[in-house]
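K.L.:
Structure provided below as structure tokens; questions to follow.
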Amino acid sequence: MRGPDLARYGAAAVAGGALALSFPPRTLWWLAVPAFVVLWLTLRDVGARRAAGLGFGFGLAFFLPHLWWIQHFLGADFGPWPWLVLSALMALFFSAVLAFVPLVSRLPAAPVWVALLFVLQETARGLVPFNGFPWGRVAFGQVDGPFARLAVVGGAPLVTFAVVVTGFGLAAWLPRPARWRRGWAVLPFAAALALGPLVAVDAQDGQRTVAVVQGNAPDIGLDLLTAQGTLRANHLRKTAELAALVRGGSLPRPDLVVWPESSTRTTDSDPVLDRAITDLGVPTLVSALRDGQNAVIAWQPGTGAGESYAKQELVPFAEHIPLRPLARLVTPFADQSDLEAGTDPGVLDVAGTRVGVGICYEVAYDYVLRESAAAGARVLVVPTNNAWYGRGEMTYQQLAMARLRAVEHGRAVVVAAISGVSAVVRPDGSVVSSTGMFTDDLLVETVPLRSELTFATRFGGAIHVLLTGAAFAACAAGVWTRRRASAGAEQG
């Protein structure tokens, strides 16, 4: 590899690493912009093959640190291969779309079209293979910065586009400021600042006091497969503690209680759970494994199990096993039966409130909580189980997604994590309170109820289609421009 090539690949790797650093638990959201400035500079005047290679290097430098928690989860039993293979597979999406950069960079306002390719890449990653893996979207790193406000208009796809086009636009504009006097590259940032008044804060339909029961799980990695009894006992014990504190006046009586994902196994007949919730005297969303589904059940004091929601987006190689013979090389769940995916939107009527539900991994998918909000949910709940992944960054990455969903839909979000971090999030994405990791804890907070549908809730899906379609249109226009140039050269 020649020196100039080595410098380009090194710069692409630095840019990918900077993008990884822009994500929570750090508050370095602004690093994403210079990351894309550098990436644009590496892509200047290169062919498709080299652009693809630079995209792969950028993607690998991003995903290896971003997904390090996979190594913590599986490394002791399976070595580095699950982490390396997943990171490389995700980097291939970067490689595939950036191969089109030389094609669309011929068009006017090239940074816009290349940024749309980035949205296309995130769209593809959220669909394939096996229903996709939408982790690490640029928007999820922006919850502490002003770009997140754009989510109220166009959700995560618009936030990603704004960040990327700002970086690419600055890289193209700064060397030639006299040519682009208006400096349009800063417009997305200015628009984000201007959207501040549109971000929801106040209650519209009253308030509800919500309690989160974080019973905790031992930090034992894959041995959690045999610890279901411990998880159930921990959450029953913590629920009894909540009941005692409420009776003693130390905590206000909640209107609704939330248990974390898979904190118990149950059936519709569960006398022990009945007694615990009847003693508490508060409707409880019990997130449980029931009848082959990962479900959230509205458990009522005195009457037991009521309506429920079943997880729609199951985790590949964990909750459903594709390629089962090969899966044994990368997952401890290969011999387990597949869970059954739900088909109905996550909306439950409980405690006199319409509650939207998305379970764990589902918070990364745009449609899940959008459906809930559109169906009338006044508050959103995200039960999750991150105990598998140790004390790494995974739980903070997921909390960032929940915070972005709060802004996107103008709803408070309650995150109930089995071992932390649990949190109560305001509709503007700010965190009211949160727990630590691998500790038992209780959160009791009052959250605003809201009914107004944001622009993103109403039209976010259409905006996503528009942005993705524009990326395809740019590629088609690039092909047409190249053919016209070739025809002109032949005639000349």
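Cβ from N, Cα, C; glycine included.
OK, TrEMBL features for this one:
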- 27-43: transmembrane segment (TRANSMEM)
- 50-69: transmembrane segment (TRANSMEM)
- 81-103: transmembrane segment (TRANSMEM)
- 110-128: transmembrane segment (TRANSMEM)
- 148-171: transmembrane segment (TRANSMEM)
- 183-201: transmembrane segment (TRANSMEM)
- 208-449: domain 'CN hydrolase' (DOMAIN)
- 459-480: transmembrane segment (TRANSMEM)
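A description of the local structural setting of each listed feature is requested, covering burial, neighbours and distances.
P.N.:
Counting residues 6+ beyond its ends, the transmembrane segment (27-43) has Cβ neighbours under 8 Å at 8-9, 11-12, 14-16, 18-19, 21, 51, 54, 58, 98, 101, 105, 111, 114, 138, 141-145, 147, 163-164, 166-168, 170-172 in the same chain.
Here the transmembrane segment (50-69) has Cβ contacts under 8 Å with residues 5, 8-9, 12-17, 19-21, 23, 39, 42-43, 83-84, 86-88, 90-102, 135-136, 389-390, 392-394, 397 of the same chain, all six or more residues outside its ends.
For the transmembrane segment (81-103), same-chain residues at least 6 beyond its ends with a Cβ under 8 Å from one of its own Cβ atoms are 43, 46-49, 51-60, 62-64, 67-68, 70-71, 73-75, 114, 117-118, 120-121, 124-125, 133, 135-136, 329-331, 471, 475, 478-479, 482.
Residues 40, 43, 90, 93-94, 96-98, 100-101, 104, 134, 137-138, 156-157, 160-161, 164-165, 168-169, 171-172, 185, 364-366, 464, 467-468, 470-472, 474-475, 478 of the same chain sit 6 or more residues outside the transmembrane segment (110-128) yet have a Cβ under 8 Å from a Cβ within it.
For the transmembrane segment (148-171), the list of distant contacts is 32-41, 111-112, 114-116, 118-119, 122-123, 137-140, 142, 184-186, 188-189, 191-193, 195-196, 198-200, 366, 370, 403-404, 407-408, 410, 429, 454-456, 459-460, 463-464, 467-468: same-chain residues at least six beyond its ends, Cβ to Cβ under 8 Å.
Panel annotation: around the transmembrane segment (183-201), residues 111, 146-150, 152-153, 161-163, 165-166, 168-170, 172-173, 177, 407, 410-411, 426-429, 448, 450, 452, 454 of the same chain, lying at least six beyond its termini, place a Cβ under 8 Å from a Cβ of the stretch.
Per-residue confidence over the domain 'CN hydrolase' (208-449) averages out at a pLDDT of 96.
Long-range contacts of the transmembrane segment (459-480) within the same chain: residues 97, 100, 103-104, 106-107, 113, 116-117, 119-120, 123, 153-155, 157-158, 161, 366-367, 370, 408, each at least 6 residues beyond the stretch ends and with a Cβ under 8 Å from a Cβ of the stretch.
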